[in-house]
Amino acid sequence: MDRQQSDGESAAVEDVVVLVNGNGVVTAENHLLTVNHSMASSSLDHRVFGRKENLVLAYKTLGVVFGGLVTSPLYVYPSMPLKSPTEDDYLGIYSIMFWTLSLIGVVKYASIALKADDHGEGGTFALYSLLCRNINIGILSSKRVESNSSLLSTNQYGESEKQSRLGKFFERSLVSRRVLLFIAILGMCMLIGDGILTPAISVLSAMDGVRAPFPSVSKTLVEALSAIVLIALFMLQKFGTSRVSFLFSPIMGAWTLFTPMVGIYSIIKHYPSIFKAISPHYLFRFFLRNGKEGWLLLGGTVLCITGSEAMFADLGHFNRSSIQIAFLFAIYPSLVLTYAGQTAYLIRHPNDHDDGFYKFIPSAVYWPVFVIATLAAIVASQSLISATFSVIKQSVVLDYFPRVKVVHTSSSKEGEVYSPEVNFILMILCVAVILIFGDGKDIGNAFGVVVSMVMLITTILLTLVMIIIWRTPPILTALYFITFFVMEGIYVSAVFTKIPEGGWIPFAISFILAFIMFGWFYGRQRKIEYEVTHKIDLDRLRLLLSDPGVQRVPGLCFFYTNIQDGLTPILGHYINNMKSLHQVTVFTTLRYLLVPKVAPHERIVVKKLGLKGVYGCIIQYGYADSLGLEGNDFVTQVTDTLRDHISNCSDEEALISSDDAEIFDLEAAKLAGVVHVRGKTRFYIGKNCSWFDRTMLAFYEVLHSNCRPALPALGTPLPQRIEVGMLYEA
């Protein structure tokens, strides 16, 4: 398998990385450079597909998008604390699940949310990105770039419009912008929490099927077996999913087909009139009859919609039509029939709800269903684990998360990644959840918090998109917001009562992750703001070098910078204190592109900067490229490219010296010695800083001190590395 890895490439490499975001714009931290959108985006949503292609894509979504959703029948009923339930209780519960699937699954996600993509990308953070591209709601004013102003005044159809009142409010209020960013980050962290809980509850619920034919098997043994399966699954992550991905969709397809067939059998045998529960009056009667107890049961029924967020979050890997086809014509009918069959069985056997999913499976097909269920649980786990890696990787690349190592396990799929540190932490947390909270109800409570919070956050952000960008008529926006905010708010209020009983697990994990991401992002943006404000332009560099006390010393220097239309302020700090600059200095920037590989002739781009012996160099690389160049090899490639550029440059670009003399100076500098200089910056937090800046920047410095170092993948020898320390005034 073609596996490419990098420490620095996985990150916004400290002070040197140039990034490509999802809207086809390259950001050199704070600078925009237009690129070909077809190179920058891997989204399929902008391609035109025929009916056949959409059907093929819809089939593929079964193994990637809907793993969590279609395996939810394994644990929904066992997660409910039912006490002597009656026939009317079960009819009311099924009515709740039917309308939850219909309103949230069909109306909210399949019909509305899928249209709120950010250039084909979905998820809570895509909604935030969409808002950022249309109004200035970055937490720092420096994030707004004039070259992108044309994007900020147009709607999704390219029509120029005046800013809405709500948009102007967010632009004026720093507190509201910070709150909105934190909400978006919290939603993404809840998805990461989903990656912890889905493997735990899916595998545990599937393995629990062993106890039916073998009653002597204890729950402790089931928990141990589940932990072993999960450990094996996490140990295999380093090999990637390409070799086994072709198995995913057939497995989930078999599960999607098999469970409703069993459901139909159960309906016919036990309670043929189950579909009368579709009438909403059973739902209202359930709450009138059970009161507070019925409200508390919502913490279990919300799990029927588990994984629906993946429809939106995984939009970038497929397209809108394929996801809608798969959900509306396969997943939704399958779940409706499966839950109907389970409910029909429980109406006739009301005391079996604690015994899990397998009780309603006929003995003749028990073992085939058990095998398929176990494989489906593993596939669902794999999908969420892979999605977590992808979320972490994108967060790191976009500078929302501290640097971690990322390994690309496929040379053709940008999203197929693996992170050793993240994998180890996920494995520990998943196994701990099973061994410490082995009771399905406790894990279900935790899962309910994740599901309900992500849905509510999506509703809030989508409402803002409707108001600010789509300009949806107020009555329709109000209808959407009131319906789903009230519905999901009730779910959230119910699951929050379960926080002492396991519900605190994902909430604590997500809150910690959100704080880490917010702190890292805020610190990075403050550094960018300082660098842009204090950047060194060529006129300033010429003035610095004209000082008689500044000497041009022999040697070749690679000075790393992340600024495109200027130079890092560390350069001025370096020259003022060292009183020197190397005879040949190459200001080097790394540029990360969301393409598999950059052609060799496009890898290194050089240019003269108008001063003798001073050059600019951009190193471009894709997600499947390796930056593991040895120091001498890296230097040789750059100097060879410089030599060719000097020889071929036009008369207007020529310097005072001749080409031959310039090439001679370059070779002489290389022979005199090579040095790599990069900045190591810290914040100086003065007494005038606000308490918010003091707290967040101090936290950022802790993260910065403990994350992976920058530039390890360039292979520069240690004796040639120089770090220039500088304090940035906060």
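Backbone N, Cα and C atoms are what each Cβ position is placed from, and that goes for glycine too.
According to TrEMBL, the features are:
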DOMAIN    58-540  domain 'K+ potassium transporter integral membrane'
DOMAIN    554-728  domain 'K+ potassium transporter C-terminal'
TRANSMEM  57-78  transmembrane segment
TRANSMEM  90-110  transmembrane segment
TRANSMEM  179-201  transmembrane segment
TRANSMEM  221-239  transmembrane segment
TRANSMEM  246-268  transmembrane segment
TRANSMEM  294-313  transmembrane segment
TRANSMEM  325-345  transmembrane segment
TRANSMEM  365-385  transmembrane segment
TRANSMEM  422-440  transmembrane segment
TRANSMEM  446-470  transmembrane segment
TRANSMEM  477-497  transmembrane segment
TRANSMEM  503-522  transmembrane segment
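The transmembrane segment (325-345) shares more Cβ pairs under 8 Å with 57-78 than with any other stretch in the list 57-78, 90-110, 179-201, 422-440, 446-470.
Looking at 57-78, 294-313, 446-470, 503-522, the range that has the most CB pairs within less than 8 A of the transmembrane segment (90-110) turns out to be 294-313. Of the ranges 57-78, 221-239, 422-440, 446-470, the one with the most Cβ pairs under 8 Å to the transmembrane segment (179-201) is 446-470.
Nonlocal intrachain contacts for the transmembrane segment (446-470), taken as residues 6+ away from its ends with a CB within less than 8 angstroms of a stretch CB, comprise 75, 79, 104, 108, 112-113, 116, 124, 127-128, 130-131, 134-135, 155-156, 164, 166-167, 180, 183-184, 186-187, 190-191, 193-194, 197-198, 201, 299-300, 302-303, 305-306, 308-309, 312, 433, 437, 476-477, 480-481, 484-485, 488-489, 491-492, 494-496, 498-499, 502-507, 510.
Most Cβ pairs within less than 8 Å of the transmembrane segment (477-497), among stretches 221-239, 246-268, 294-313, 365-385, 422-440, belong to 294-313.
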